[in-house]
Every structure is written in C-alpha cells, then in structure tokens.
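One structure is given below, encoded as structure tokens.
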C-alpha cells in the first residue's frame, strides 16, 4: 500500500515554483485539485527551464532557416548539412545552478546531458566546448568552484572519450554567487538518418533505456528556474550524479539500435526526467501517452510515482519502438549491460496518464503540459544608453609595454592552459587545432573536410548595451571561425540572464536577442538550437547578461587552416580593419585605469562580413601565414599572443600620428584582424585590399625574441610568456 500523498497547500504550491495565477490555471484546466504527482508534473513542465515561458515569445524572432539547415530549434539539437550526406548535430546548454552547489557533479552532468542531446539525434559526438563564468578571484568560493567545475568537465569528457577542444573562461564579481557552466557538444551523422522526438502511431511501445532511476536530481529543473539565496547549499541533494562510462555504453547501444531501424522516436531524459521526455514525445506527435511506473527500473526501494516522474538520474533515454523490433532492440541493450523496459504505450487520447501500484497517479491533457504551456509577455524596459568615452579623455597611467605585461597577467586575458590541459583535447585523433587559438579545428574522418568550432560572448558589452553586445557576440564567433579559415554556417546559443520578472533584466534579454538576430541575418548564420537560463541571481543580485554563442563553420580542406602563431621572421604584420581607439568597456579601461564604464564598441555587420570574406580568401589563397582576430585587450594583446604562440618577436611601428597611443594599442574596435604575409606577397596583398576598399595598415615585421615598440621600451618574449602563463596556475595554487 502506497503512502498517503501530501495535502495540497499554498505553501506546497509555492515550494514547487508555481505562482497563484498558475495554480488557478491548473484548476481551470483540469477542473479539480491536482494530485501530488500531478502538481510535480505541472511544476516541472511549466517552470522556466522546460517551458521557456518568459523567453519563448521573443525567441520566435530569431532567424532559424537556411538551405543547409536540416533541423532548427525545437528538437534535442540542431542539424546542418555540410554536403556528401554528412550532417553536423550540435547544441549548447547550461548547468549553472547545480554547478554552483556541487561543482564537480554539476559540471559532469552538464557535459553528459549535452552529449545525450547530440547522440539522441543519431550523431556520434566528436567534440565538446564550454563557456565558464566564475566570480571575482578574491571571493572565498571562487578557487573551489573553478577547481571542481574544471575537474568535472574533464572527468566526464575524458572518460566518455570525446575531446574538449575549446571554450571561454572568465571572472567577474557579478558571478560571485551564481557561476555559469555552459556546455556545447558537436556530433556527426548521416544527413538522411536523423532521429527526432515526435512519437507517431497509436499503441506503439514506449521503452525505458539506460541506467536505473534513483532519487538523485529530484527537482533539478525547478531549482534551475529559481533565484539563489544564502541557503542554496541545502539544495545539494537536487544535483544529479553522472556516470560517463554508463553514458558511453548508452551511446553505443543507441547508435546500434538506430542502425537496425528500430526507432520511431527517441528523447533523452534530461531536465524533469521521465516527465519531460514522455510529455514532449507525445505532445510533438499529437498523441497521448500512458505510463506504468511499476515497469520502471529503479535502484532504490519504495520510490513513489512523484519521485520516479521527477527524478533526474542520468544516462537514461525514452524511445518509441517499432513493435516488430522489440526482441532485437532488447538484445542490443542487454548486450551493452543496460536496462530495457517497456513502460508504456502511445494512445489516441492526447492525455498523459501515469499509473503506479494499480492506481492512476496522473491524468492530464498532454498538449497543455508540453507545447501549449503558459506564455508570458513580461514587461521590459530598454537599457539606458551609456556615454561614449573619448580616448583623449583617458589618461594613460603607464606606457604601452608595461600595460601589456599587466594585461597578460589579468584573470580574463591570461592563458587558460591550466584549464584545458585537464581536458583530453586530442582523444579520437581528429583534433587539428587545440585550445588556445581563435577556434578549434576538428578533422572529419575519411575526407579532407574539417569543422571550426568556437564559443564567444563579451558580457560587459551586453550589460552596457544589450543590442550591441548581442551583435558583437555573434560577430566575434564569426571572426574566430574565419580566422582559422572556416566558413561560418550556424549558431547555437545559451542565454544566461537574471530574474525576468524585473523589467530591466527582461530588457537585457530582449535587447540581446534583437542584436543576435540582426547579426545572424547579416552574417548568414542561423540559430539552430539553444537554451535559456534565467533567474541567475543570488539575493537579488543578477549576473552580467551572458548570451553565449556557439559557432560552427566548415573547412573544405582542414590542412589549409590558419593559426595565430607567427611562422617566420621577416614577415609583414598587417592590421585589417579600421582603428578609432574605442576604450569604452575595454579590458584596458577596467584593469589599467580602474574604470568599468562607457558605451561598448559598435558593430558594423556589413563591415564584419566584408572583412571576414577578405581574410578567409587570403587564407584559402595561402597568402596569410598567421591570422588572429582582435578582441579583448585590443591590438597589442593580439600581437603578443601571436608572438608567444610562435616564439617569434616583432618590431612594431608607432601609432599613426592622429591616434591616441593607448587607444591604438588597447582599444577594442570591431571587425579587425592581424595577419602576417611573406615579403614576396606584401605588395600584391596591399594593392588588392586597397582596390576593394578594405582598410589595411602595415604595422610591423616579425623577428627577434622581443616585442620592440617604437617609442616604448622593449619587452622580452620570456617576460610576456611568464606573465601570460603563470597567473592562473599561481592562483589555483594559492600563490596570488
């Protein structure tokens, strides 16, 4: 006999994240008081994490279509066609709240979840990336969080057998109480063998696959839809526990069963577990679903229907199976040592029915749970415009050489080698360009093609001007893919914001989305998948708006990709793009001048596209020997990174006479690249760029073992490398 269910009270409703008007909507919808299990189901499906109820109305404006897009948003991952019947499947997703509470497990299950999203579509994962945002280094929890998250990301990816090839790591005090862990996975599939989540056919068996269900992860999706407070550590039991070795078995079993043509529809059990996967499959297929929880494999005794429906135990899948393939499918999963259980059937009723112990625990309309969940048009206000900071109004407290050394040893600009060396970035043998460059390059087996992969966003720009910040995030992803020789094709996004019930926060989201949309259209890079993470606040203090952009591009010949390292002495250093010396929101202004203010640099998308096409053409023609986009830290930081990577110095000319020196070296004007060319090609390159109207300035020549800046003191490369490489390991070792 099952234990009596709790009485539905206002306190119980509130603890499930449901507001009074939402509960009233439930009463109106079903005409009675919900059962405890039904309350849990509504809580899971109507929370922000699963329903996107605050953002969905604005997401509809994003460009999602192109001739090469095979599957846009709405499925487990996006899919693009890269020719030769090959498709790239990719998505980015957050695991922010769990990673703050339990950094190792939060990060591992974030990686595991995004990998499942990719191989659920029928793709074999070939690469992972991430975007990590931590609090101020001086905060007492930051070092612990960095250590746990990085170990978790590496621990899962390394054990599963997928290389982690790139990403971002940043620090800012606004992430003190709410770090961000955004994970991206990329896979390859046959373009004509993509598997979707929509069920079809009445009476089809619904099969539970993978690991057993436990009580870990209870209420995880609801936790991810709420602000933190001082008692957040008490939510540790809601963090899931991952097993990468079980996931590897699940991957191989799923790909084998797909190859045997057993699958009608398949969905991974991620947020809200069995509830979300079953509802989505039925709702997308315009069918009902009936589940018998007595058949669910469990690893704990006495689990209730509520617990089984809301558990977020990892490494699980739900599949609608072709009936005639039942025995064959079961044999495959048993071979891999995984659970295989028929737990229900599709029905024509459009109802979601859950049975346990011979009793009906839930009987709800499935469409209203799924794709017809509440939709809010929340009030929003536009972010106020900040004044433009003029370079001549900023006094330089030190020379360019000294400022460069200081900047290279700051948390955001220092080398992240300590992070990525903990990841196996070459497992599989297809990594062409490792972390540390503009974009990762991964070879596609059995051919010359490669993929260029990157993750980008500049949150301080997004806070200062959400529209320009949204544009810039897409533009930088475009530049980074271009800088390695890739043709940008599509984007996945991960929108991390604070409390959407505050109009100023909602305004940030709306502004960023408008900027992202405009940039995607101009740069011909549709958004094919994504994730929204709201309520990233602690005690009323929100994070910086952080719309992470994951970019994917293709190279026809991966052997012709470019890198940022200087290749030889005596090569001309060219700056492509115009420099006005934009210091507003720059790293220089913050770290050297102690000011975090002003309007961010504007983004001219037509110029971005024109300059990108030119640089890509130079790479393909073989005239560009090294390429690096200019972003955080400005021109001199970009040159220093190229010199350090190639172990070759440079002699640099003084800034043009009309330019303020520190603005020339450290301004963060957009649409710029540093390119090196051989002396023999220099005249032809400069002539061509002048003819087509693309700004090109020769700013120096490679050579030696130092940076020699006209009018400044010389800086030895060893000193620059020490500054660049030592800050993070020293910090993690407690030395600073």
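Think of each number as a place in line: the chain as shown, counted from 1.
Just so you know, glycine gets a Cβ as well, placed from its N, Cα and C.
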Q) So Swiss-Prot lists 94, 95, 96, 97, 240, 312, 313, 314, 533 for substrate; which of 116, 541 goes with them? A) 116
Q.
Among 52, 461, 588, which residue shares the ATP site with 91, 493, 530 according to Swiss-Prot?
A. 52
Q: Using C-alpha atoms only, work out the spacing between residue 314 (substrate binding site) and residue 268 (Mg(2+) 2 binding site) and round it to an integer in Å.
A: 9
Q) Around the ATP site recorded as 52, 91, 493, 530, what other same-chain residues have a C-beta within 8 angstroms of the site's C-beta center? A) 59, 73, 92, 93, 492, 494, 495, 527, 529, 531, 532
Q: Check the Cα-Cα distances from residue 493 (ATP binding site) to the binding-site residues 93, 96, 116, 117 and tell me which is shortest.
A: 93
Q) Of 49, 95, which of the active-site residues has the most Cβ neighbours inside 10 Å? A) 95
Q. Out of 52, 94, 95, 116, 531, which of these recorded positions is nearest residue 268 (Mg(2+) 2 binding site) by C-alpha distance?
A. 116
(Q) As a test of the contact definition, list every same-chain residue at least 6 positions from residue 531 (Mg(2+) 1 binding site) whose Cβ is closer than 8 Å to its Cβ. (A) 91, 92, 93, 94, 182, 493, 494, 495
Q) Can you tell me how far the Cα of residue 96 (substrate binding site) sits from the Cα of residue 49 (active site), in Å? A) 11
